[in-house]
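One structure is given below, encoded as structure tokens.
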């Protein structure tokens, strides 16, 4: 059972913290079953005092002592991290990498081709437990490994399993997607301010509208175009707005 496993975060940044919250609140893993390592001592102090987890400065020891290793470091540091980790790796451990752009081949070459590795592309809304993630299992990963990773990322949003060849598509869509949506919310808010709303009111209305519309898509399962048509009346203001958006290239 997942709550009996021991988890080590190699890197304790914002995304690691989001997953940490998912483990604690969504999957009910005990704090003393989780260890985080980081190069910034103040970050370790924060994680330890805020969540009650264990912390360490020793990556090899963290790997040896835990069942699931989550690589949450910057992509450019991966070669050195893998070099340090490799001697401590055994076949009974699962490695989950959230390092953007780091391929399964790179991970398997660094750790060993027979090591169980899963690559994940999450996004920043995981920080509020509303993320979207693509999951690509490596050649030695089992179906149970994939299920575990799905459970972890579903605890901080929604996850889909894809072939690694589609990870660039996932990166462009959901990985970068929040930036596109933030720009849309800002533009919608600007329109509200232009016609008299305060910035605070306009931003709240715009953000809630996007949130509600997204929830409607997910909960109804209807095509976005069908839901759009439900809002647009003949010769109405909504279809006029859609015409303006589409004329502008949306």
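Going from the start of the chain as shown, residues are counted 1 onward.
Using N, Cα and C of the backbone, Cβ positions are placed for all residues, glycine too.
Values in this document were obtained by computation on a predicted structure and should not be read as measured data.
What TrEMBL says about this one:
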type	residues	note
DOMAIN	7-101	domain 'Pyrroline-5-carboxylate reductase catalytic N-terminal'
BINDING	10, 11, 12, 13, 14, 15, 72, 73, 74, 75	NADP(+) binding site
BINDING	59	NADPH binding site
DOMAIN	164-250	domain 'Pyrroline-5-carboxylate reductase dimerisation'
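Location within the structure of each feature annotated in TrEMBL.
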residue : record               : DSSP class
10      : NADP(+) binding site : strand
59      : NADPH binding site   : helix
72      : NADP(+) binding site : coil
I'd like to know which of the binding-site residues 14, 59 has the most other Cβ atoms within 10 Å of its Cβ.
59
Take the domain 'Pyrroline-5-carboxylate reductase dimerisation' (164-250) and count its residues per DSSP category (helix H/G/I, strand E/B, coil), listing them in that order.
71 helix, 0 strand, 16 coil
Go through 10, 72, our binding-site residues, and report the one whose Cβ sees the most other Cβ atoms within 10 Å.
10
Spatial neighbours of the residue listed as 'NADPH binding site', counting only the binding-site residues 10, 12, 72, 74 and Cα distances within 10 Å:
10
Between all pairs in 10, 11, 12, 13, 14, 15, 72, 73, 74, 75 (listed as NADP(+) binders), what's the biggest Cα distance, rounded to the nearest Å?
15
What are the sequence-distant neighbours of residue 12 (NADP(+) binding site), meaning same chain, six or more residues apart, C-beta distance under 8 angstroms?
36, 37, 38, 40, 43, 44, 47, 55, 72
10 Å Cβ neighbour count around residue 74 (NADP(+) binding site)?
11
Over the domain 'Pyrroline-5-carboxylate reductase catalytic N-terminal' (7-101), what does the predicted model average in pLDDT?
96
